[in-house]
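According to TrEMBL:
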| type | residues | note |
| --- | --- | --- |
| DOMAIN | 7-189 | domain 'Thiamine phosphate synthase/TenI' |
| BINDING | N70, T109, K138 | 4-amino-2-methyl-5-(diphosphooxymethyl)pyrimidine binding site |
| BINDING | D71, D90 | Mg(2+) binding site |
Amino acid sequence: MPSLGRLHLITDTRPGRDPLAVLRAALPVARAELVVQVRVTDDATDREAYDLARRAVALCAPYGAMCLVNDRLHVALAVGAAGGHVGADDLPVAAARRVLGPTAVLGATARAPGPAAEAVAGGASYLGVGPCHATDTKAGLPDPIGPEGVRAVAGAVAVPVIAIGGVTAAAVPALRAAGAYGVAVVGALSAAADPARATAELLGALTC
Ligand SMILES: Cc1ncc(COP(=O)(O)OP(=O)(O)O)c(N)n1
Ligand SMILES: Cc1nc(C(=O)O)sc1CCOP(=O)(O)O
Ligand SMILES: [Mg+2]
């Protein structure tokens with residue numbers, strides 16, 4: 001697997017957001033430390049997902065940043081993304097690995113050590129672990145697991161753990177201390193008044 005960036009920016013699906021503007025602000029700051037995950041609403045058409053992912057891949061390329069596609073692995077393949085991310089409602093990890101092939105980057109959501117180990121056995125290259133803290137960005141999430149939940153998962157697997165859910169720069173040190181390799185954010189960048197500055201703050205917290 002190519003080296004995985006530590007700051008994962010997931011595109012904001014909420015109305016009125018401009019995910020590509022956030023990418024344009026974050027990429028020159030984080031460059032290859034940025035992983036962009038293209039995520040669309042469940043009711044978005046494949047064409048909409050494809051158009052957004054195609055643009056994201058093109059924006060990432062000059063910076064050496066990796067672009068992944070959430071859920072829709074056929075879109076990931078169609079746009080030449082580096083891989084995809086799946087969770088409990090998506091293709092099982094082993095099936096996703098078969099779709100993407102042996103060298104693609106495959107992320108899987110895991111909220112506890114047992115499922116985390118199963119995901120790695122199925123071929124996950126990294127794990128998205130959370131929600132670490134409360135968040136309004138996605139409805140229907142279980143209770144936050146906190147840094148201790150991250151520690152439990154990180155101690156059970158040998159792949160990078162990416163902490164997600166309500167992550168801010170202030171939360172990063174405790175998550176890193178718990179074994180997180182990196183973090184995934186939506187609101188911390190998408191809702192920031194200055195996304196470039198917010199990117200620098202997150203990156204600073206991740207690399208100090
Ligand atoms: C890095 C990362 N971690 C977790 C998720 C959540 O994926 P999933 O559980 O499949 O939920 P949706 O994002 O598809 O709503 C993620 N996308 N990225
Ligand atoms: C898409 C998603 N998945 C989560 C999980 O825990 O599986 S939390 C989440 C949303 C993260 O957004 P924010 O950084 O704004 O809290
Ligand atoms: Mg999913």
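From the backbone N, Cα and C atoms, a Cβ is placed for every residue, glycine too.
Overlay of TrEMBL annotations on the structure.
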residue : record                                                         : DSSP class
N70     : 4-amino-2-methyl-5-(diphosphooxymethyl)pyrimidine binding site : strand
D90     : Mg(2+) binding site                                            : coil
T109    : 4-amino-2-methyl-5-(diphosphooxymethyl)pyrimidine binding site : strand
K138    : 4-amino-2-methyl-5-(diphosphooxymethyl)pyrimidine binding site : coil
Close in space, distant in sequence - D71 (Mg(2+) binding site), Cβ under 8 Å, 6 or more apart: R39, G84, H85, V86, G87, D90
Env. residues of 4-amino-2-methyl-5-(diphosphooxymethyl)pyrimidine site, Cβ within 8 Å of mean position of N70, T109, K138 Cβ: I10, R39, D71, H85, G87, G128, I164
Binding-site residues close to ligand 2 - of N70, T109, K138, only those whose C-beta is under 6 Å away: T109, K138
Site extent for 4-amino-2-methyl-5-(diphosphooxymethyl)pyrimidine, whole Å (max Cα pair distance, N70, T109, K138): 14
